[in-house]
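Annotated features in TrEMBL:
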ACT_SITE  Glu94  active site, proton acceptor
DOMAIN    100-334  domain 'Radical SAM core'
BINDING   Cys114, Cys118, Cys121  [4Fe-4S] cluster binding site
BINDING   Gly165, Glu166, Ser197, Ser220, Leu221, His222, Asn296  S-adenosyl-L-methionine binding site
ACT_SITE  Cys339  active site, S-methylcysteine intermediate
Amino acid sequence: MVSEKKDIRALSKEELRSFFVSIGDKAFRGTQVYEWLWSKGSHSFDEMTNLSKETREHLNENFVINHIKVDQIQKSNDGTIKNAVKLFDGLIVESVLIPTKKRTTACVSSQVGCSLDCSFCATARLKRMRNLNPDEIYDQVVTIDKESRLYHDKPLSNIVFMGMGEPLMNYKNVLESIEKITSDEGLGMSPKRIVVSTSGVPKMIKKLADDEVKFNLAVSLHSAIQETREQIMPFAKNFTLPDLRESLEYWYEKTNRKITYEYIVWKDINDKWEDIEALVTFCKYVPCKVNIIEYNPIDEGHFQQASSEIIDDYIEALEHYRIPVTVRRSRGKDIDAACGQLANKQ
Ligand code: SAH
């Protein structure tokens, strides 16, 4: 049952300080509680040992700590770990730990389900049930950091917002979670190690630039031809390529930071020479790099990855124009933890 009490982590530090003043206590108690909640990741008020018993009881009467709970852990034979995490209202999202030799990366979710309708993505079939709160996003990162230390002997090094959901459709909470992840009172991670991946919401990309965010941006492009893009990402009818281009130019002008385009090459969809040409042209607008991602089949059929010859043609053309390109191998496929496969199968 969902508690009627207020989630204490919805309060800012200032609000917590005012709360203590309002009950006749000292403001610095608010700071202490804030540290317990965020730097130390407390799950209960009883852990807050520098508070008096009465204060802890008072907090228990008035608030809850809606911490996420890991419901199920799956381990892939390539070291990838997928967590199904249960939220306070019983809904479930997934997050993934991806280890490589050099780094360990957390792939986190920003929404339960997704508001967009990419036809090649398993999460899109769930529809959007709700946005995650900042603390629910933060908790996924803390959980994966712990797993990284436990199973790989090192702290988490990178975070990608490439799990379930469209981060820019949950703008405020995603930014608040990043604020916590990067602040010294939270995890103190560098924003340079964070990538927010969007399917391309022009208005919000401009807002990111205006808000002077310091993390990196990736855009799931998949086609630089409007008609093709609309076929596979129907929402693109409203978020057109010219608008996307304009927003990315704005982003670069303000931030001076390169954009990464994520791109899957499918048979019979974007495997023609004109598709390659369109991508090369699009890449000339703003300094960027291209990340060609392996397609992870989500059902029998409709979408199939193009042949490696065609992917090589893409690479050759991009390299010819000195556009950096990398190919990303999928990880965790055997446990449905790879890109686009997160869909709460259990
Ligand atoms: N909504 C955001 C972030 C979540 S998806 C976005 O669209 O960027 C993260 C990445 O996985 C995106 O690049 C998306 O296009 C890609 N993806 C979705 N389904 C996939 C699949 N079946 N195989 C491989 N990548 C997929």
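Numbering starts at 1 and runs along the chain as it is shown here.
The backbone N, Cα and C atoms fix where each Cβ goes, glycine too.
What TrEMBL says about a protein is an automatic prediction, not a curated fact.
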Near-site residues: [4Fe-4S] cluster, ref Cys114, Cys118, Cys121, CB cutoff 8 A to centroid:
Leu116, Asp117, Phe120, Ala122, Thr123, Ala124, Glu166, Ser199, Gly340
At the Cα level, what's the spacing in Å between His222 (S-adenosyl-L-methionine binding site) and Cys121 ([4Fe-4S] cluster binding site), rounded?
12
Of Cys114, Cys118, Cys339, which recorded positions are close to Gly165 (S-adenosyl-L-methionine binding site), meaning a Cα within 10 Å of its Cα?
Cys114
Around the C-beta of Cys339 (active site, S-methylcysteine intermediate), how many further C-beta atoms are within 10 angstroms, looking at every protein chain?
26
Rounded to the nearest Å, what's the C-alpha distance separating Glu166 (S-adenosyl-L-methionine binding site) and Cys114 ([4Fe-4S] cluster binding site)? Just drop the number here, would you?
6
Which number gives the other C-beta atoms within 10 angstroms of the C-beta of Gly165 (S-adenosyl-L-methionine binding site), all protein chains shown included?
29
What is the average pLDDT across the domain 'Radical SAM core' (100-334)?
95
Excluding near sequence neighbours, so keeping only residues 6 or more apart in the same chain, what lies with its CB under 8 A of Ser220 (S-adenosyl-L-methionine binding site)?
Cys118, Ser197, Thr198, Ser199, Gly200, Met233, Tyr261, Glu262
Could you find out if DSSP has Ser197 (S-adenosyl-L-methionine binding site) as helix, strand or coil?
strand
Can you tell me whether DSSP puts Ser220 (S-adenosyl-L-methionine binding site) in helix, strand or coil?
strand
Out of the recorded positions I have (Glu94, Cys121, Glu166, Ser220, Asn296), which ones have their Cβ sitting under 6 Å from ligand 1?
Cys121, Glu166, Ser220, Asn296
In sequence order, what residues of the same chain, 6+ apart, have a Cβ less than 8 Å from the Cβ of Leu221 (S-adenosyl-L-methionine binding site)?
Gly200, Arg229, Tyr261, Glu262, Tyr263, Leu279, Phe282
Relative to the Cβ position of His222 (S-adenosyl-L-methionine binding site), how many further Cβ atoms are located within 10 Å?
25
Could you state the whole-number distance in Å separating the C-alpha atoms of the residue listed as 'active site, S-methylcysteine intermediate' and Asn296 (S-adenosyl-L-methionine binding site)?
7
